[in-house]
Amino acid sequence: MGGGDADAGGEPAAAQATLHIRCTNGSKFAVRADLGATVGTFKAIVADSCDVPAPQQRLIYKGRILKDEQTLASYGVETDHTIHMVRGAAPPPASTAPAANQEPTTAAPASSPAAGLGGLLQNLGATGAAANSGGLGLFGSGLPELDHMQQQLAENPNLMREIMNMPLMQNLMNSPELIRSIIMNNPQMRELIDRNPDLAHVLNDPSIMRQTFEAVRNPELMREMMRNTDRAMSNIESSPEGFNMLRRMYETVQEPFLNATTMGSEGDRNSNPFAALLGNQGSNQARDSAANGTTTASDTTSGAPAPNTNPLPNPWGPNAGSAQGAARSPPATNTRSTTAGGPGGLGSADFGSTLGASGGGSDATFLTQVLQNPTMMQMMQNIMSNPQSMNQLLNMNPNVRNMMESNTQMREMIQNPEFIRQLTSPETLQQLISFQQSLMSQLGQQQTGQERTQSASGAGNVNLNTLMNMFSGLGAGGGLGVPNAPNVPPEELYATQLAQLQEMGFFDTQENIRALAATAGNVHAAVERLLGNMGQ
Amino acid sequence: MTLGSSGAGSSVVVPRNFRLLEELERGEKGIGDGTVSYGMDDADDIYMRSWTGTIIGPHNTVHEGRIYQLKLFCDKDYPEKPPSVRFHSRINMTCVNHETGMVDPRKFGLLANWQRDYTMENILTQLKKEMAASQNRKLVQPPEGTFF
């Protein structure tokens, strides 16, 4: 071992050892370190010899991941031993709450994840959910499920590929004009492009747009682009005057870009046509001070819109999009009524907030405006004129698919462009909305009677909850529908189906319940499942 | 050392302890491709049975950038018989039991066709290759930092 000579005091000098660091790319280098030092200190020494900063280093020795607070000696490290190093993701910066009187900083340092073009890509990419979870999107979307969706896309790159390969998206990709018009419909984006002609050139170049879509479709390519951008950013930052250039880019391009694609302040609500989609979720600090008890006076009086720190409303709650500062009544968890309390119909908040059940139809007019938007009409026309994309849309949702398979007339109707045109006409929409409103008002009255008839309902009796589940499934692609109440015992829940199965000759009740639970009460699927089990 | 004779001539059969000490030294010196690492769990265990290994996820797969920790148990009959291998970090792989993290010897060729001269390093390297195989490279993985 590399123990030093004893000094005058008789104590041995710190054991200096030569340790070999091996990176995953095969490169190897040696560092000298004190074996009594902590792993954290050792990482700092290693950082001096390579381009991996200490917080990103993950060190492995003899199959163990070294923890920062332990010493090297505690792991049995000796001189001439090899430690493996992996470059990990940088840990998230500790979020410290700023003081009430503190001025908000405008320019982020270039190394922060949101700075410069690299951060921009990161924030807008499928994996950048953490960067801005408050409903970020190029076209100003603001769905509460955005984080979940981005996580799904990040975990399953094939999903993104499939989405991009859909005929609808192909049509979109082949018409840069359409994309440009969608982006230019956002006044804030238009203002940003007016201020930065370079961005206009990007939008006017179809090949760049196509490359961008290609990158979105191919996760490996996206990763490579991000890597190149990061490298370019660090090169720019290291050059003289480079940091200032990055800061200017952040202030003039990225910050306005993010403001254009997310919610602005209350005053911006009218200027951003996509703001209405958010309901009350994208509000600024000043308006939410009633709900945020911790907000200080200086916070509320500052002119700049502070980020909304309120939790997102429960999309299943009966008043998800309505009350802003009002206290919400606690949900009745043990009653069945919560199931249909607020069907998450159109993928955002509940029907009520989306279609204006409580707001007197202002959102309904917005919906009509959206559908009458030339861009939207063109997209609808593309879908309607292409039966293949129409079929694909219908087959995405299992509920709709089953409905279509069992009802050929329905399929013919849906594929009839004239019928679709009538369905999307403002008058029809208005009628649908009024129907939905009356349904919601009836819901409270029928709920108690519903519980009683639940167990005694006949085979053909479709109860209201089933209807609501079907509606919610239609809107949200099947995955975001109303969750079933698990409190009802399965014998009661599937009483009708169990009776049917017994008539068919399946007498094992427990097995039947298992099959029905797995198929969400679908008798035909349960029969197939039971027969499959018997065959094994 | 004991000498064993085979049809082709005589070959040296290295005793278990010597063999494990040799592997321990290789683990400490970091010999190999640098993407697998292993060492003893308990330095005081004179039988050298419990070992810890790590595999760094291969590039261009869902495992990229992840570090998987494993436990290897070399019983008294090692290296005649293969060690039992269990993933400590959660992983979704065809040859790994989803409940326990045990590597199924029947589904993992190296353990199924074990030979005396195979080492723990071979096991880890082969598992890494298995991660990059077509049936495993794109499987959706559990969140990083979760364990069996």
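We count from 1, first residue shown onward.
In case you wondered, yes, glycine gets a Cβ from its N, Cα and C as well.
Because TrEMBL annotations are produced automatically, they should be read as predictions rather than curated entries.
Feature annotations, reproduced from TrEMBL:
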{"type": "DOMAIN", "residues": "A:17-86", "note": "domain 'Ubiquitin-like'"}
{"type": "REGION", "residues": "A:88-113", "note": "region 'Disordered'"}
{"type": "COMPBIAS", "residues": "A:96-113", "note": "compositional bias 'Low complexity'"}
{"type": "REGION", "residues": "A:261-356", "note": "region 'Disordered'"}
{"type": "COMPBIAS", "residues": "A:288-307", "note": "compositional bias 'Low complexity'"}
{"type": "COMPBIAS", "residues": "A:331-340", "note": "compositional bias 'Polar residues'"}
{"type": "DOMAIN", "residues": "A:489-533", "note": "domain 'UBA'"}
Q) Which value does the mean pLDDT take for the domain 'UBA' (A:489-533) in this predicted structure? A) 81
Q) Looking only at the domain 'UBA' (A:489-533), what are its DSSP counts of helix, strand and coil residues? A) 35 helix, 0 strand, 10 coil
Q: Count the residues of the domain 'Ubiquitin-like' (A:17-86) that DSSP assigns to helix (H, G, I), to strand (E, B) and to coil, and report the three numbers in that order.
A: 17 helix, 28 strand, 25 coil
